[in-house]
C-alpha cells in the first residue's frame, strides 16, 4: 500500500502539506475520542485483508447484458438519483478551499505562480489571447444545504437544460463568459455543492464558472437555485464520454478544471479520451484538480459478490457505477494527456462512529496536474 506521502510528489508541496489536517492517532486506545483521524497508515495485515476482500467481491461479475444496460441508461440512473435526493444528499464542499487553494479568492494565481517559481519555471500569465482573456457515494453527506434551497416557482428551464452545446457557435471572441479574466469549469457538478461555494466566496467580477453534469435533473436543480446567476455561471448538460459533443468554450480558455468524485463514475476504457479532451480546454499553465475514490476504500470493500463490472469497477444498488483508483493510474491518465504533476497523494482517513463504536477506513486520492507553458515545439 502506498503511504500518505507518495513517491514522486514535489518535496516542496510535501513539506507544506497541511490540507488533510493534523489529527494523528498515536494512541489506538484513543480512537473513539474524535470522529476522524488523518493520514492513518495501514498495517500489512490490514492491507492484505482489504486485498482479499476485493478478490472475493470481484469473483462474480455482472452479466454482459446488464453491463450494457448500465452504460446505455446511465443518464436514467443518475436522473433517478437526483429526482429522489434532489439537493439534500451532499453538503456544500467548503473544504475545497483548504484542499485546493487555487479556488480561493486572490490565491488562484498566486498559488500557481509559487509552484512554477519553486520548480524554476516561467510564471504563466493565465490569460487568453486578448488582454485578459458519490455510504453510496462520496462521504455519505446526507444533509440538507441552505445554499441549495431552490425556488419552488420558476420558469420552465427545459430548453436551457437540454440545449445542445454542439449547436453553439464557439469562437475565441464570443462565448459564455468570454469577457471573464479567470474561468473555472466543474465537470460532474451535481446540484452545485462546489459551484455555489466558489461563487459565494469569490466576488471577483472577472470570475466566470462553468458547470456541467450528465444528469439533466441535476442541472435543472442548479439553474433553479436562488444562488444561480447567469452573469457569473453557465450550467449545461454534458456527457463526459461523448466525443461528438463540444464544450461551450474554445480550446485553451480555462484556468481551472475541477473533477470531484466524477471520473470514477465512467467506464475505465473511456477515461483517457475524456481527460484528453478536457486537457485541450486548459490554458498553458492551467490546472486540473481531482479528488476521487482510492483503491481499497471502505466503499469498495463493502460491495457484495455480483456487483463487480470489471477490475475495481462496481455498480451500486441504484444503478450508478464507481471505480477505485491507484495513484499510478491517475498519473498515467493525466501525463498521457500532456499534463505535468503538481500533486498526487493519498488521503487515508479513519472515520469513527462513536455511538456504535465503529471504525471506517476511507481512501481518497487528490491530484493537481498542470498544462505546460507553450514551448518552441508546441
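Cβ atoms here come from the backbone N, Cα and C positions, even for glycine.
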S-adenosyl-L-methionine binding in Swiss-Prot involves 78, 82, 188, 239, 240, 260; of 213, 297, 318, 331, the partner in that site is 213
Simplified DSSP label at residue 78 (S-adenosyl-L-methionine binding site) comes out helix
